[in-house]
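According to TrEMBL, the features are:
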DOMAIN    173-543  domain 'Myotubularin phosphatase'
BINDING   Asn321, Ile322, Cys383, Ser384, Asp385, Gly386, Trp387, Asp388, Arg389  substrate binding site
DOMAIN    353-396  domain 'Tyrosine specific protein phosphatases'
ACT_SITE  Cys383  active site, phosphocysteine intermediate
DOMAIN    645-705  domain 'FYVE-type'
Amino acid sequence: MAEKDRFVSPAGFRLYRLSSAPGSYSLFCRLRSWLQREAAMAKVARQQQQDGSVIKKIENVRMLDRYNSKKTSAGTLYLTATHLIFFDTENNKESWVLLMHIGSVEKLPITTTGCPILIRCKTFLSVTFVIPKERDSHNIYTSLLVLCQPAKIEDVYCFLYKSNSDKISKSAGWDSFNLETEYKRMNVPNEAWSLTTLNQDYQLCDTYPKFLFVPSSVSTSILVGSSKFRSKERLPVLTYLHRNKASICRCAQPLSGFNARCMEDEQLLTCILYTNPGSEYMYVVDTRPKINAMANRATGKGYENENFYDSIKFNFLGIENIHVMRNSLSKVVDLCEQRNLSMSQFIGGLDSSGWLRHIKTILDTSAFICQAVNSGKSVVVHCSDGWDRTAQVCSLASLMLDPYYRTLQGFQALIEKDWLAFGHKFSDRCGHIAGDSKEVSPVFTQFIEATWQLTMIQPTTFEFNERFLLILHDHVTSCQYGTFIGNCEKERVDLKLKDRTFSFWGYVEEHKKEFLNPLYSAQVETMSPDLSPQNIRFWRGMYCRFENGVHPREHVYDILLATSEQTKSIDDHVKFLQKRLSYFKRKITDGADMVKNSLFSKEICIEPMSYNKEDNIIQSMNDAFDNLTVMEPKLDEAHKVAIEWKSLREAVSCECSTDSSTKKYHCWKCGNVFCTRCIDMNVPLPGHLSQEPVPVCHGCRKIVSRSSTESS
């Protein structure tokens, strides 16, 4: 049978065209379609086997569109140990939901078409599956409740996860940050600040890092006494030192009650003041509303008594507690899920949630600290326990003060220092494991959004883009990496996460190019953002990114990055063509000179031209032009590169779709769009002068490889 009559299916089966019987072509198409579906479903099964076996498989499940209940997708639902996977059999599309991303599961009233289950994710994805049988629906519901919040920290996803890429080792990223090195960058230790070893075994404060920097003039008794006077033993320690010697220190609220005092704590704050000899006073910033701080006095806590602390100005800056923030975000999520809202309803709902007011209050507090430090005044910051609001404003103030923290590497250092090392309770606040739901709160989400607000106000001052912030936000809750597991440094050391899990920073380093801001210009030293109410925006890219379905909408930075790569590819191809043209031009010039010399040689001018001589000249001309194709190979299919690149949103080349963090890539040769599983590898294109390896798809790689084999 002729080779052209063969068809090779994705599963590797070889079929032959049925061309003899009437209607055989439609039969062939149906058979081919069936084999393609089976191959795609087999691919889903193979992929999930890397993470765990299928717990449940349910067919004839419908996935409802979020905004159009009449628009549904029918397919098969797979529940594995780590993912919920929906395979759309009609469109050959996969939708992956990581179980650790699931925030809540709700059984909706039974309808005539089946039993709906509403799943809300911590990434603000909301999806409804209609399962035909009530028994299957109940099994999925109960299984999800167990799997989305494991009972033990050792059961979270990072301990099961295995990277699909050989480029990222398990050790990658774990050693990219060192706390002592970060303080050395700030010229600490010095004559005013020194390292104390009192917390080497986490004995002074088990939620602080082992390396603490305190005023050089303080004694051990002062540090121990102050620690006992502060909530959770979180005494004032250095977190940031500015180039003008003004500092930011952080701690927890004092156990002052109505009138208690601690001489050691008062002496420690005085020593902090003296580390900055150019200032006569310093600030103590209590991030809470004053009424909340006063209420805490009844429980034996509270705030500093101004009569006991000299040369200190106290400020209450009114950031609400974790419970208010949790309820506020819940209102935003409910608002974004409503259909057919009018403009006044949306604006009114957003205003009543108070979310943007909370974001502005956090930014205003951070800006106050930034201005104080920049003007030469040291600041001591605390909230209740010093690991939520304190982490927010200390890190944001440092972000405004130091341009290093606005780079990709510096932002990593900022999170490692102010959030991870100083004990923000990631596992409690993000609900990594089953526990008290009242401990869950979007504290880190607010920090991410406040950073995004700053990038919108001054877009050229940050090296990273919006995509990086979204990926960071999602992976804090995904538990795919061990970086954000646990509530403090001591817990992470006890869990041996460095040896047992992958690091998020290793992933960031491998995909660094995706997270770069093309508008970045490192010129601003200290930021002075305009925090007027009209500059605080609703982050549609975070809370409404799934408004078109389970796959997130296209980011503007992805468009800019794709445009930059496309321009680079075309420029490289133009240089290749220019080199080819120069070669041909040189060859034509050489051939013309040879013919000219032959025609006007002395021998030809004196002797009459014979037919043999004329034939020789014509033959010489032909030989000269024939050399153009002998010396330089002809342009073929392998030398072509994509001039037009498909839109990321309109891509149909890649039939698989993973979770929301999966980035789409362009093949530089054909211009189609694929995910990481469908882009083969980076190879040099014959049509590029630089011969730098670039991303290509499977099909284009075969063309390039075949051309390389033939030319060799």
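Cβ atoms here come from the backbone N, Cα and C positions, even for glycine.
Assigned with DSSP, the residues of the domain 'Tyrosine specific protein phosphatases' (353-396) fall into helix, strand and coil as follows: 29 helix, 4 strand, 11 coil. Trp387 (substrate binding site) counts 26 other C-beta atoms within 10 Å of its own C-beta, drawing on all protein chains shown.
Annotated substrate site Asn321, Ile322, Cys383, Ser384, Asp385, Gly386, Trp387, Asp388, Arg389; additional same-chain residues within 8 Å of its Cβ mean position, judged by their own Cβ, are Thr287, Thr390, Val443. Listed in sequence order, Ala252, Gln253, Asp286, Thr287, Arg288, Ile319, Arg389, Thr390 are the same-chain residues at least 6 apart in sequence whose CB falls under 8 Å from the CB of Cys383 (substrate binding site). With a 10 A radius on its CB, Arg389 (substrate binding site) counts 28 other CB atoms from all the protein chains. In the shown protein chains, 19 other C-beta atoms lie within 10 A of the C-beta of Asp385 (substrate binding site).
Among Asn321, Ile322, Cys383, Ser384, Asp385, Gly386, Trp387, Asp388, Arg389, the residues given in the record as binding substrate, the maximal Cα to Cα distance rounds to 12 Å. Of all Cβ atoms in the protein chains displayed, 15 besides its own lie within 10 Å of the Cβ of Asn321 (substrate binding site).
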